[in-house]
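S.K.: I am attaching a structure below and will ask some questions about it afterwards.
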Amino acid sequence: MIQSLTPRQITDIVQGQLLGPSEDALISMVSIDSRSILQPESTLFVALKGAKFDGHTFVPSLLDLGVSCFLVKNDFPDAASISHRASFILVDNTHTALHQLAAYQRSLFKNPLVGITGSNGKTIVKEWLGQVLGRKFPVAKSPKSYNSQVGVPLSVFGIHATDKAAIMEAGISKQGEMSKLEAILKPEIGIFTNIGTAHEEGFPSMEDKLKEKALLFDHSKFVICRKEHAAIHQHLLDKLGEERLIVWSDDVGCDYTLTVRKDPDHAKILLMRPDLSIFTFSVPFLDEASLENIRHVIVASLTLGLEPTDIQEGISHLKAVEMRLTLKPGINDCLLIDDTYNNDLAGLRLALDFMSAQRPKDRKVVILSDMLQVGKPQEVYQKIAELLQYHRVDFLVAVGQHIRQALSHFQGESRHFADTKSLVAGISDLNFENDLILITGAREFRFEQVVDRLQQRIHGTTLEINLNALTHNYNFYKSKILPHTKIMVMVKAFAYGGGAAEIANHLQQMGADYLAVAYTDEGVALREAGIKLPIMVLNPVQESFIHLQQFHLEPVVYGLDFFKQLGKYCRHQGTDMHIHLDFDTGMHRLGFEMEHLQDLKTLIIDFPELRIASMYTHLVGADEEAHHDFSIRQLEDFLKMCSTLESALSYRPLRHALNSAGIVRYPEYQMDMVRLGIGLYGVEVSGLYEGHLKPISSLKTTVSQVKHLKAGETIGYSRKGKMDQDGQIATIAIGYADGYDRRFSNGRGFVLIHGHRAPVIGNVCMDMTMLDVTGLEVREGDEVLIYGPGISLKELAERIGTIPYELLTNISSRVKRVYYLD
Ligand SMILES: *Cc1c(COP(=O)(O)O)cnc(C)c1O
């Protein structure tokens, strides 16, 4: 909060009635969620009443926790009797009081507040703008997509007096809501991102929706909009007048002209300002939605006084924003993109972009309902058909009366169903198999039933991979290095057990620069899965030269003979090849040593066919402080070897040395590239940043049977397990053949069932394991977590004297991998 308040002051602001102490406490935080209270003595708990919950029911337990001030409805029966324990502020309506308190705090903030509304892109524009401005000065921004009647006031309480700007998004679902948010936010600067064509419940027409959203800007000094959104532009012009608008466009004639030029892997945005000065931004995306969002960010940053160079600096550091769309494993190896509640053209465009970024499957299928928009149906459906065509959709499943019109314009295969019920009934006839399926429709069509039918039922043992957690971890390491330093991700050993193709594809989307695999066939598999990034192969063999060449893989060369053989091969084939040189500075595994460098130089000159893409070394003890001196010696030796070799070259190869632990411990040695491994998969081995990473994988299985045993009975092979007392055991469907280490036998290992720890009893079998579940409520079919959030790999590894790497990579390939975005 900007200013801490006493219960008396709060009472005055919300015009309530105060019971209990009035001055004792100083309130600096506001909470509506009983689970998120960190400092109870300085927190005001606001009891809100919703359809499914009532905050008032938490009051007794929060009193015990030590919360000192409560805002409650004036008919809350217990207030008088417990007001000796805390302050109670009684009001007619706690929602209204929350708004009043937020408006008061807002009025104390004298720096610019940016308010963002629109149909799509609000959260991304807010996040990016926050990141760009945040490099110059402290900025407050609403968390996640806190944009509702409750989220906005809570966001305001997150502003601190030291913030130089605040960025808040405002979302509404019906008429009458925006003026309430405006009364709190009163943004000096507004951004109206865009407006969807969907006819949303709660608005009679699109014009009404536009008008309602624009209410956010009633008192704004400036509002930013894009001229191409003609309806928005016109409405704001009529409402606010030209002086208060900042308009940008692809074309000349507005305040800012921002034209886009696309290159294969990034885009350039040419900015022309009113004074005709020109600046070129380089941005890492190509899809239309991102290009619009980033241009809003550029204009807002300029309006807030940033220089173009600072803005470019911020854009270069942008972190990938986690995806809103959900990816789910489907039946018959299908992959589902669940976008059930999206129903306008802008949303469809986003979803199709997202679809194009996924790994190719046999077919692209779109299941789409009527669009309940208000525009001209004929044009809209023709547009939809063109859009699907453009994204190379193979099969359209259309549901509803109106969407029929799209079918005549669509050239791919299609099926029509009158309603969701008939689609669900006929779904098995559609023979979905290994397809990529986008499911998107209006709320009324209740497409969650379709998702439910197509979703894979998980049974047996599965490894679930959360790709958003992967993004999180990637961003963590990216934040530790300079923006231009490249990242090579180690996806050897099936991406540390996670499944290489899917993970590599996600990395490609996030903008990783390089991949590395152990063997050539792993690289071939990635190419066959459509991965385009450069791939380094750590252990190439002579037999695989032809595959290296065919699939554009880049071998590591670590010996003189191998260099010569490869050079001769390339000369014979009349081809060039990118290679990487491994320098041994202490690992003593593979690699050139100092004494080989003279001969190596000669070979490099003899075989110009082999182009040295990079030179690297590997640290042996970056995870442990104890080896600090040794690590530094390795790094310094490596640099010496690099310069020795470079004297024979007319170009400069990339240099790289750091693995995950090295990145956090020796960022000053990041050089041109770093090699990220285990950290990406959620294990921070150096221990310096415990808790900063998210586990990306959860290994799960199910209970096959529960048995009740008497004291003294024995369990499993060799009768190693024994009941000390009467109790029950559960048999689960995972054993050492699945990669569940046999060393977990006899109580060394444990799992989580319904959040409770259950130890292994007896020996781990090949396909099954028994657990002691005495005292726990366990049934056949219950889910069992082997590791994942709640069971750390590090702890498990320590229990059996190994390292997390081994546990991750031991998971057998017969365990099904499923990928999702949460
Ligand atoms: C596996 C590997 C890495 C990654 O190491 P992590 O400790 O998993 O980060 C880096 N470089 C080389 C050469 C490797 O083999």
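Glycine is treated like the rest: Cβ placed from N, Cα and C.
When I checked TrEMBL for this same protein, it listed these features:
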ACT_SITE  Lys492  active site, proton acceptor
ACT_SITE  Tyr717  active site, proton acceptor
BINDING   Arg589, Met766  substrate binding site
DOMAIN    696-820  domain 'Alanine racemase C-terminal'
MOD_RES   Lys492  N6-(pyridoxal phosphate)lysine
S.K.: List the helix, strand and coil residue totals of the domain 'Alanine racemase C-terminal' (696-820) as derived from DSSP.
M.R.: 23 helix, 48 strand, 54 coil
S.K.: In whole Å, how far does the CA atom of Met766 (substrate binding site) lie from that of Tyr717 (active site, proton acceptor)?
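M.R.: Cα-Cα distance, Met766 (substrate binding site) to Tyr717 (active site, proton acceptor): 11 Å.
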S.K.: Provide the three-state secondary structure of Lys492 (active site, proton acceptor) computed with DSSP.
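M.R.: Helix, per DSSP.
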S.K.: Tell me which of the recorded positions Lys492, Arg589 sits in the most Cβ-dense spot, judged by other Cβ atoms within 10 Å.
M.R.: Lys492
S.K.: Going by DSSP, is Arg589 (substrate binding site) part of a helix, a strand, or coil?
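M.R.: DSSP assigns Arg589 (substrate binding site) to coil.
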S.K.: Between the Cα atoms of Lys492 (active site, proton acceptor) and Arg589 (substrate binding site), find the distance and write it as a whole number of Å.
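M.R.: That separation, Cα to Cα, works out to 17 Å.
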S.K.: To the nearest Å, how far is the Cα of Tyr717 (active site, proton acceptor) from the Cα of Arg589 (substrate binding site)?
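M.R.: Taking the Cα atoms only, Tyr717 (active site, proton acceptor) lies 40 Å from Arg589 (substrate binding site).
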S.K.: Take the domain 'Alanine racemase C-terminal' (696-820) and average the pLDDT across it for me.
M.R.: 93
S.K.: Measure from the Cβ of Tyr717 (active site, proton acceptor) and count the other Cβ atoms within 10 Å, all protein chains considered.
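M.R.: If we count other Cβ atoms within 10 Å of Tyr717 (active site, proton acceptor), we arrive at 13.
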